[in-house]
Amino acid sequence: MAIMSDKWIKEAVINQSMIRPFAEKQVRVHNKEKIISYGLSSYGYDARVSNEFKIFTNINSTTVDPKNFSEYNLVDREVDVCIIPPNSFALGRTIEYFKIPRDVLVICVGKSTYARCGIIVNVTPLEPEWEGHVTLEFSNTTPLPAKIYANEGACQFLFLKSDQICDTSYADRQGKYMKQVGVTLPLT
C-alpha cells in the first residue's frame, strides 16, 4: 500500500466524487479571522467538523453499553463552539461526505492544534467502498472544559491505495454504517 498525494486526491475527487464539498487548498483564514485549517494537504485531506454535536452527560445516570446504546447518554447541540466537559467525550461529524474507492483504505489522525490542547480525535478506518459523513469522536483528556470549533479543521484523512482490489468491500458486505448522515450512534 502506498500513501496517496494531493495530485491523486484531486483526481479522485474529480473522477469519483470522493470528497464533497472539497477544498482544493489549505484554508487558514475565514472572514479575516484565523481558523483551524482544513482542505487538501500534501498527502491527505483535513476535514471540518459540522455544528452538530452529541455530548456525553451524566444527568440521566445511564450506563454506556456499546451493544445497547441509549440516546439518554448524550445531549444534542447545534453550536458554533462545542464545549466538552473535563475528562469527557463528544461526537461530531464531518461536513464532508466521503465516497471511498474499492482499492483504497483511509485512516484518520488528529490535528496537532487539538492534540496539543489535550483533545484527541478518533475515527476508525474508512473501508473500501464505504461512503457517508464520518462520525468523529472527540475526547477531552484535560481537567478543564475544552472547545471544538464547528466549520473548522478537526482531523486529517490519509489515503492508502492497495496494489490489489479487495475481494469483499464494505458495500459488498452491507456494512451497518454505510451511507450514514449526521452523527451516527453505535449500532450492533
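Just so it is clear, glycine is given a Cβ too, placed from its N, Cα and C backbone atoms.
Now, the feature entries from Swiss-Prot:
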- Lys111, Ser112, Thr113, Tyr114, Ala115, Arg116, Thr135, Leu136, Glu137, Gln156, Tyr170, Lys179, Gln180: dCTP binding site (BINDING)
- Glu137: active site, proton donor/acceptor (ACT_SITE)
Three-state secondary structure, Thr113 (dCTP binding site) (per DSSP): helix
Distant-in-sequence Cβ neighbours of Glu137 (dCTP binding site), under 8 Å, six or more positions away: Phe89, Ala90, Leu91, Val121, Asn122, Val123
Among Thr113, Thr135, the one of these binding-site residues whose Cβ has the fewest neighbouring Cβ atoms within 10 Å: Thr113
Secondary-structure category, per DSSP, in which Tyr170 (dCTP binding site) falls: coil
